[in-house]
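Asker: Features from TrEMBL:
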type: DOMAIN; residues: 2-218; note: domain 'Glutamine amidotransferase type-2'
type: ACT_SITE; residues: Cys2; note: active site, for GATase activity
type: BINDING; residues: Asp104; note: L-glutamine binding site
type: BINDING; residues: Ile310, Ser383, Gly384; note: ATP binding site
type: SITE; residues: Asp385; note: site 'Important for beta-aspartyl-AMP intermediate formation'
Amino acid sequence: MCGITGILQTLHAARSADLAAIGPMTARLRHRGPDADGFWCDREAGIAFGHRRLAIIDLTDAGRQPMLSRSGRFVITFNGEIYNYKSLRRGLEREGQHFTGNSDTEVLLAMVERWGLEAALQRSNGMFAIGLWDRRNRKLHLARDRMGKKPLYVARTPSAVVFASELKAIAAFPDFRQEIDPHAVAEFLTRGWLPEDHCIWRGVFKIPPGGVLSIDADDLSALRDTAALRARARSWWSLLDVAQTGRAEPAAGDDRQLASRAHDLLQAAVADRMVADVPIGLFLSGGIDSSTVVALMQSQSSRPVRTYTIGFGERTFDETANAAAVARHLGTSHTELRLTPAEARAVIPELPTVWDEPFADESQIPTLLLSRLARREVTVALSGDGGDECFGGYSRHVLSVRLAALLNANRSLRTMAATGVALLGRGLRESVADALRIPDRLQRMIHGDRINRLADVIGGNDVDEMYRRSTRLSELRLTRVQADAGSGSVPPLNDLLSDFIVRDMLQYLPSDILVKLDRASMATSLEARCPILDPRIVEFCWTLPNSAKVRHGQGKWLLREVLGRHLPRHLFERPKQGFDVPIGAWLKGPLRSWASDLISESRLRNQHLLDATQVQDCWLQHLSGRRDHSRTLWAVLMLQSWLETSVGYGTSQTTDVMEAAQ
């Protein structure tokens, strides 16, 4: 795992000083690669690459980057891992290819020389972000892995195209101008995370998951802005195509055969991700996903697997006992860190710097602390991320099966149902839940504020809107600019469960789950790997019937069957908990003063960024206990904290940008 940077200058604007910026840009990514830095520059072509190395495979200098291909035609700066590089290397060697080292980067370059970039990526099973310069054709290629595990930002400045693993590196380029995109702010406060098609800074975009962008250096002056660059991006792999193909060609076999196939695929994916020349461990929460991964790790390891978990000492939010029970049964070498709430809260001032863009998934706190714990002993950690998306584990997936008939009804009937649900008293709500056979652990969704969420989802105009409503923080509009209603539009699959899952994979997974994992782990120079998101598993899961995902009111049915081969069911058949922290209670207690200052009415009015009245009403309702606005308030606070700590940003500039956007 590494950090990458690059500059491609517009030739008429070429300046040596701009290319020299590759140094400070790359230095800002030291946390992503503390072992070494490397640079490559062609001043005549107006291009420079930078690289920060976290050595995982081939710890010698033969693995250093940027790296040139054997012929010298291609130069690469590469962040990530190619898990099947050994088998790919053997195939190339049979065809006469020679290698000087043992890195996956050298194998990738050899494949590019032989087959071209996209064909090389199609053969690769891994996570990556790539900058590749073709010296013969004077073309820059930027590419990202299938699921978006590794980040890759691109900006168009007056003098160049610049790219990097994180925004803080782009901000170090001399003529990059930090201007907030007000529509991105609105999207963030709607969701708590920024979708892949938005960036907090104007003039910056993200290479989409499974995407590649090719830029002809001789045509660069015609690509005057980010919109023109973004339009050139294309897909080398499409999740939507995989979903449509899988549904058209369903898997054959009964329940036992499907479980065996899932087990074999998961076992192979875990084995591939256990390859490293450095110590390796696992984040263990005690839930189904991480327990499955560690069970498969331990079954293939001759020594105890190192596992890590943390707890806050508050029983409602603490899964350390569950994790310890799983670890004891499997015989792992388990490390548990119990933090006081004060110790957990102490990390909050660091969050804006770690995440670079506003980010408000409160589980970012334990994820960062867990990464620090693991990094004391290991350089690579596996995680269970992706289990919910692949196997249907979220509450909205379970409810989509129960409510499919209603939600597929015509608009007028849904509107009537939404109104009726919103008006139900508690007793009638319970009767409706019983009639729909909603399990007790999900009935909490139809009480209090959750009833409004359910009614809101039912009343959506189409699947895109229903999904947005099911994932948004609240219906409150806190900005003067409205969120983009068309953001994240996806062609329907005509099956509500599949429609929700494909949107989770395209939106929530890369923009929240994987951003959280990448930034938290890389802030501590730890490589995190997600075996459940292996492309073979993703493709297999799209061939499964809905009953293999949601059955008897429970999600992840098939994954439970796999785990049941390794653990007794009482160790994992528990209500889903997640990596929650008691933000709501903290805002009323120890964080109250900090929050009050950040969202004071005078501060908000001076910024001209948020609706001060709405934010204050939200704050007072939360403090009084009338409404639980903890998630919305956390998003506002993370935005405010980011504004305070973001390099080179101040209130006056915020005011100018927002007034210009009116």
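Cβ from N, Cα, C; glycine included.
What TrEMBL says about a protein is an automatic prediction, not a curated fact.
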Asker: If we count other C-beta atoms within 10 Å, could you say which of the recorded positions Cys2, Ile310 has the fewest?
Answerer: Ile310
Asker: List only the single closest residue to Ile310 (ATP binding site), chosen from the recorded positions Cys2, Asp104, Asp385 by CA-CA distance.
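Answerer: Considering only the listed recorded positions, the nearest one is Asp385.
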Asker: Looking only at C-alpha atoms, tell me how far Ser383 (ATP binding site) is from the residue listed as 'L-glutamine binding site', rounded to the nearest Å.
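Answerer: That comes out at 22 Å between the alpha carbons.
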Asker: Within 10 Å of the Cβ of Asp104 (L-glutamine binding site), how many other Cβ atoms can you find? Include all protein chains, please.
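Answerer: Taking all protein chains shown, Asp104 (L-glutamine binding site) has 25 Cβ neighbours within 10 Å.
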Asker: Looking only at Cβ atoms, how many others are within 10 Å of the one on Asp385 (site 'Important for beta-aspartyl-AMP intermediate formation')?
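Answerer: The answer is 25.
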Asker: Have a look at the recorded positions Cys2, Gly384, Asp385 and say which one has the shortest Cα distance to the residue listed as 'L-glutamine binding site'.
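Answerer: Nearest listed residue in space: Cys2.
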Asker: ATP site residues Ile310, Ser383, Gly384: biggest Cα-Cα distance, Å?
Answerer: 15
Asker: Let's check the environment of Ser383 (ATP binding site): how many other CB atoms sit within 10 Å of its CB?
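Answerer: Counting Cβ neighbours of Ser383 (ATP binding site) within 10 Å gives 26.
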Asker: Where does Ser383 (ATP binding site) sit by DSSP, helix, strand or coil?
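Answerer: The residue in question, Ser383 (ATP binding site), is coil (DSSP, three-state).
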Asker: Please report the Cα separation of Asp385 (site 'Important for beta-aspartyl-AMP intermediate formation') and the residue listed as 'active site, for GATase activity' in Å, rounded to an integer.
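Answerer: That separation, Cα to Cα, works out to 20 Å.
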Asker: Taking the Cβ of Gly384 (ATP binding site) as reference, which residues of that chain separated by at least 6 in sequence fall under 8 Å from it?
Answerer: Phe283, Ser285, Gly287, Ile288, Asp289, Ser290, Ser291, Thr292, Val293, Cys530, Ile532
Asker: Where does Cys2 (active site, for GATase activity) sit in the DSSP three-state scheme?
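Answerer: Once the DSSP labels are grouped into three classes, Cys2 (active site, for GATase activity) ends up as strand.
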